[in-house]
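What follows is one structure encoded as structure tokens, with my remarks underneath.
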Amino acid sequence: MASKSQHNAPKVKSPNGKAGSQGQWGRAWEVDWFSLASIIFLLLFAPFIVYYFIMACDQYSCSLTAPALDIATGHASLADIWAKTPPVTAKAAQLYALWVSFQVLLYSWLPDFCHRFLPGYVGGVQEGAITPAGVVNKYEVNGLQAWLITHILWFVNAYLLSWFSPTIIFDNWIPLLWCANILGYAVSTFAMIKGYLFPTSAEDCKFTGNFFYNYMMGIEFNPRIGKWFDFKLFFNGRPGIVAWTLINLSFAAKQQELYGHVTNSMILVNVLQAIYVLDFFWNETWYLKTIDICHDHFGWYLGWGDCVWLPYLYTLQGLYLVYHPVQLSTPNALGILLLGLVGYYIFRMTNHQKDLFRRTDGRCLIWGKKPKAIECSYTSADGLKHHSKLLVSGFWGVARHFNYTGDLMGSLAYCLACGGGHLLPYFYIIYMTILLTHRCLRDEHRCANKYGRDWERYTAAVPYRLLPGIF
């Protein structure tokens, strides 16, 4: 448990980026040239990357090379491809507006009741981690409830009342893409303006002096409207992750409509990804203590990424299987299922061990033994000194980010379910490997700055990051 002492408030950096003294914890104040170049590249090309993948499925049966070859050989032009792309429609705009409004309603106006009758589930009003400025925010954790209500209404309306077709998401997939982009850019722009003009917590704002970096990575740490509507928690969990399983169900329904059956590969993708989604919402309180909430500021990276990148690229396996139905042999299907379940077990148990250690302040058993830890201290931006412990027992003694290793095993299982016919469904494992490796290195850089020599003692005790004996 953290204790506090030695209050000495530092100066805060001004919006024009001029220097002032800073705390030892939080996102970097200065921007190096590589980070800036990477950010400008993503701002320019990430929307195009999403469009290219979705267009390749719609017009080229999920081939990533065919569009480029058509353009290179003169068989098609960019104008030809764009002309075949469905535009935004009034129906898609209405669907998307209704969807987002419904999720806002569930998030903001319906207090959680699941924690009252589900044993082991922690919901309702919960505290987040302490921010770099020393603030502890409160959250209404009701994601599981929102997921359950949404999916019950989906099945009732689509299959019992027949108010809409269960293929409605697939049938409007590209028009919905334009709506998601509009929301992503709108909320990111609003968050930046809010950070300058009326931030929720000015002490947790960071200005680098670079417009592109501020827009991409965000200024405010926890932008809010009112007491409870937290931008970061809402957009991280809703509407993208609630939609994830609905999108997959719509893809499965389309496969049924086109071919008269649903393949075992589509079932595998739906089941394995649903486990991940349900795990996220079951452990939403734990999520309040992860890097997304505890370190990232809210900018385009989270705002646009959660609206567009996540729902469109994380569901590529289901989309691919609509165009290329794959029926796996029973041994292959069981092997992929086992890989996904083992990966999930490692991911969940690794996180559970850390959560158990934190909740009990180390007074627990991990793998039948009293856990070992490295004692650390750090100073927040308000000048207060805090103490914490870094776990070196259980899976956390195997590698410093073994939860990421389990996550990558599950990600690989999603992709393997699609067979080896095309590269497109394997984008997810490639992307997740890059993302989690970068996150691993970024987290370690942050922890090195935060804990100093204590971090060196920790890395000596647990020398490997992701793969024991290798990396």
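Just so you know, glycine gets a Cβ as well, placed from its N, Cα and C.
Given the structure is predicted, the values throughout are model-derived calculations rather than measurements.
Using a 10 Å radius centred on the Cβ of Ala448 (NADP(+) binding site) and all shown protein chains, the other Cβ atoms total 15. Under the DSSP three-state reduction, Ala448 (NADP(+) binding site) is assigned to helix. Marked as NADP(+) binding site by Swiss-Prot: Lys354, Arg358, Leu391, Trp396, Asn403, Tyr404, Asp443, Cys447, Ala448, Asn449, Lys450, Tyr451, Tyr458.
Feature annotation from Swiss-Prot assigns phosphoserine to Ser14; the stated evidence is similarity to another entry.
Feature annotation from Swiss-Prot assigns region 'Disordered' to 1-23.
The annotation transmembrane segment is assigned in Swiss-Prot to 36-56 (among others) on the grounds of sequence analysis.
Counting only same-chain residues 6+ beyond the ends of the transmembrane segment (95-115), those with a CB under 8 A from a CB of the stretch are 121-124, 140-142, 144-146, 148-150, 168, 172, 176, 179-180, 183, 228-229, 234, 238-239, 242-243. Sequence annotations record features per position, and here Swiss-Prot assigns transmembrane segment to 95-115 (among others).
Counting only same-chain residues 6+ beyond the ends of the transmembrane segment (144-164), those with a CB under 8 A from a CB of the stretch are 102-103, 106-107, 110, 112-114, 118, 121, 123, 238, 242, 245-246, 249, 253, 277-278, 281-282, 284. Swiss-Prot lists 144-164 (among others) with the feature transmembrane segment.
Swiss-Prot lists 173-193 (among others) with the feature transmembrane segment, giving sequence analysis as the kind of evidence.
Sequence-distant contacts of the transmembrane segment (233-253) (same chain, six or more residues past either end, CB-CB distance under 8 Å): 99-100, 103-104, 106-107, 139, 143, 146-147, 150-151, 154, 158, 165-170, 187, 262, 266-267, 269-270, 273-274, 277, 280-281, 284, 287-288, 292-293, 298, 302-303, 306-307, 310-311, 314-315, 318-319, 321-322. The transmembrane segment feature in Swiss-Prot is assigned to 233-253 (among others).
Summarising the annotation, Swiss-Prot assigns transmembrane segment to 262-282 (among others) and lists sequence analysis as the type of evidence.
Marked as transmembrane segment by Swiss-Prot: 302-322 (among others).
For 327-347 (among others), the entry in Swiss-Prot reads transmembrane segment.
Outside the transmembrane segment (416-436), and at least 6 residues removed from its termini, the chain residues within Cβ reach (under 8 Å) are 53, 56-57, 62-64, 265, 268-269, 272, 313-314, 316-317, 320-321, 324, 326, 328, 333, 336, 339, 401, 404, 407-408, 466. Under the heading transmembrane segment, Swiss-Prot lists 416-436 (among others), citing sequence analysis as support.
Counted over residue pairs separated by six or more positions, the transmembrane segment (36-56) shares at least 3 Cβ pairs under 8 angstroms with the transmembrane segment (302-322), which defines the two as touching. The local packing around Leu391 (NADP(+) binding site), expressed as other Cβ atoms within 10 Å of its Cβ over all shown chains, amounts to 22. Summarising the environment of Asn403 (NADP(+) binding site), the number of other Cβ atoms within 10 Å of its Cβ, over all protein chains shown, is 23. A C-beta separation below 8 Å, combined with a sequence spacing of at least six in one chain, links Lys354 (NADP(+) binding site) to Leu391, Trp396. Within the same chain, residues 263-265, 268, 271-272, 275-276, 279, 395, 402-403, 405-414, 416-417, 419 sit at least 6 positions outside the transmembrane segment (327-347) and bring their C-beta atoms closer than 8 Å to a C-beta of that stretch. With a cut-off of 8 Å between Cβ atoms, the residues of this chain six or more beyond the transmembrane segment (173-193) that come close are 47, 50-51, 54-55, 58, 85-89, 91-93, 95-97, 100, 214-215, 218-220, 223, 231, 235, 298-300, 303-308, 311-312, 319. Secondary structure from DSSP puts Lys354 (NADP(+) binding site) in a helix.
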